[in-house]
Amino acid sequence: MTKIVVIAGPTASGKSDLAISVAQRFNGEIVSADAMQIYRGLDIGTAKVTKAERELVPHHLIDIVDMTDKFSVAEFVTRADQVINDIAKRGKLPVIAGGTGFYVKALLGQQPLDFVASDEAEVALLKQKSLPTLVTMLKAADTILASRVDLNNKQRVIRAIQIARHGKRQEDISRPTYDALIVGIDWPREILYERINRRAQKMLDDGLLSEVEHIMSVGGESIQAGKAIGYKEFFPYIRGEVTREQALLAVQQDSRRYAKRQLTYLRHQIPGLIWLHGTDAATKLTSEVKAWLD
């Protein structure tokens, strides 16, 4: 069973720095589990590791799709499995740095996956058809799948048609099981919030608005990347609806709320997670990993 280290935690908690530290100490490579760092061109607002940091330790699943593309949790897991297998085959330790809790949960096999990204245009066309027509289409595409679906439920029939056309049933997909050491970084609430506020200000100082303008030029709120905290709050500023300071405060507030949701999710949805205090997380994790590998 492949061993992996998983480092989770809220935004601005220091996951990237800790992952680099562990990867350097234990001959590892880092796999990003962040739903927004997958996008090319979204560097400042997603707090991506720098080029210099990537030269210290190889990083994977960063800058893998264009910002106008959609990307599902199933696609993440498929790619992550491949990368982890490659890292382990080369005798290195896969270190997962995860800001997106449901990515981590899915990778660990703790939740069912939807292996087909939903195509909104296709769904709209299918919804126009009658239920009997849809059932006929499903039976023609996959009789086995049709026998397992509630044929009186139009939404489920539509989803089954999509799976039959484009994807695989989950039971047909064999996934690896990992021996995972899972840790989370925790800070006192006031310290975490201060880290969040400082980082938001630094992003703005570092040129965040150029990324915001680029997102707006290719779709704005209509694309998945345009829904990210740190970007969407500045769209009203670019349109002249709020001040720069108001937009920054909105980013800070939304980021703090998001951090609270992340912590709640990790505490209740990721079994076996070991919490480390942010001030000595590197020292504690080094000890944990050493004992675990031995």
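Positions of Cβ are set from backbone N, Cα and C atoms, glycine also.
These figures come from a predicted structure and were not determined experimentally.
Matching 15-19, 155-159, 230-234, 255-259 against Swiss-Prot, the residues noted as region 'Interaction with substrate tRNA' span 155-159. The substrate site is defined by Thr11, Ala12, Ser13, Gly14, Lys15, Ser16, and by the 8 Å test on Cβ atoms against their centroid, the other residues of the chain that qualify are Gly9, Pro10, Asp17, Ala47, Gly99, Ile185, Arg195. Excluding Gly9, Pro10, Thr11, Ala12, Ser13, Gly14, Lys15, Ser16, which define the ATP site, the same chain contributes Gly99, Ile185 within 8 Å (Cβ to the Cβ centroid), listed in sequence order.
Distance from the CA of Thr11 (ATP binding site) to the CA of Thr100 (site 'Interaction with substrate tRNA') is 9 Å. Ranking the recorded positions Ser13, Thr100 by the number of CB atoms within 10 A of their own CB puts Ser13 at the top.
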